[in-house]
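Structure first, then comments.
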Amino acid sequence: MQRHLWIHAVWIPCVTVLFAFQEGSLPGGVQSFSIWGPDTMPYFWIHTAWITGVTFLFGFQGFPVRSVDMQRATDNITIRQGDTAIIRCYVDDKVSKVAWLNRSNIIFAGQDKWSLDPRVDLVTKGQLEYSLRIQKVDVYDEGSYTCSIQTKQQPKTSQVYLIVQVPANIYKVSEDITVNEGSNVTLSCLATGRPDPMITWRLLNPSAEPLDGEEYLDIIGIMRNQAGRYECKASNDVATPDVKYVNVVVNYPPTIKKTQSSETPVGRMGTLQCEAVAIPTPEFEWYRDEKRLSNTQGINIQILGTTTVLMIANVTEEDYGNYTCVASNRLGTQSASLFLYRPGSGRDISGSACVSHSLWLLLASFACLFFKC
Ligand SMILES: *[C@@H]1O[C@H](CO)[C@@H](O)[C@H](O)[C@H]1NC(C)=O
Ligand SMILES: *[C@@H]1O[C@H](CO)[C@@H](O)[C@H](O)[C@H]1NC(C)=O
Ligand SMILES: *[C@@H]1O[C@H](CO)[C@@H](O)[C@H](O)[C@H]1NC(C)=O
Ligand SMILES: *[C@@H]1O[C@H](CO)[C@@H](O)[C@H](O)[C@H]1NC(C)=O
Ligand SMILES: *[C@@H]1O[C@H](CO)[C@@H](O)[C@H](O)[C@H]1NC(C)=O
């Protein structure tokens, strides 16, 4: 037992130094390489030192000559964070001494566990398998793992690079915002993941074309047609992409889009109509010359979203003339003139656009309810 400890005392620093050299010599982490391949000539002297040292030690200990049969693969192993990694190493029953190393640490020397990490254990099958199992793999487990197999003649190593992947996760995204038209807006979407996730933006309008932005989406002088639901997607092909949304409301002052004047004979119901677009939704007022109109005897003002209708139940001679529709919100005001014409005055009663039939029917039915016709 004492001799056993002494061997470790020499072997560990020796191996430590060698692996430190290897790591330092290969940029981007140690990758697959064969210690016997022609591509490893620069490391030849390291191996020479290694072999000499280890051979000396094991020779000293007096192990018999044994053959080695281990997995040749020196590939990357890709594993998702939280999963269990099994890094395989196969030996045959003639092997003298085996060890698992992680970077510059010894994890297992034979069956002796050196690592203090409770997630780490060995998977053995008789004497033929000497695999390393790491449960609940985390990002700091990423790196090279070496199964070191010793014989008197030829120590060999099997090296695997463990790549730990983490699904994309958006941890911070802009809050929903309301801005005025013309403002500069920056939306942010910050995500973690391994490999680094790619972040893409779309405005979920019918075309939903990808927008030019990554973590930050800059919108210079935002227009009303750029309002809506923005989708931020973080993807790294590890799992389904993470998606978050930002609602952007763009305020703008009213614009009167449609007006409808009326040509109504005395005794009939006259209807004037006015439609405005605005965010926030506009408020409407009606004026007869300078006088504000309200729901009084014979006059009814209806507001249906962005449209307002002025109904005069029983048109008289005095009602003919100029009316004004005023649409306003906190960003501005716009007004338009409409006319109630005497029939035969030959005026074009249409405003800037026509009223759709369905809307017209809806308004007519409202009027009917109001005037109990
Ligand atoms: C291992 O992964 C690295 C990137 O981490 C890559 O450059 C290399 O080609 C991979 N090697 C193999 C054998 O897949
Ligand atoms: C590998 O080594 C690092 C330190 O270099 C350590 O933090 C990590 O837990 C080790 N992994 C295993 C599986 O032992
Ligand atoms: C918006 O950004 C543009 C270009 O960066 C700049 O010229 C403009 O002054 C900015 N407008 C506001 C309101 O900050
Ligand atoms: C309309 O007004 C005139 C005059 O004020 C009145 O004679 C008539 O009865 C009214 N018609 C209706 C339907 O109220
Ligand atoms: C109608 O009234 C508005 C507001 O009083 C006025 O600005 C406009 O000139 C008038 N239009 C006509 C044709 O009289």
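The backbone N, Cα and C atoms fix where each Cβ goes, glycine too.
Those TrEMBL annotations? Automatic predictions, nothing curated.
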Given the ranges 42-63, 350-371, which one is assigned the annotation transmembrane segment in TrEMBL? 42-63
Looking only at the domain 'Ig-like' (253-339), report the model's average pLDDT. 93
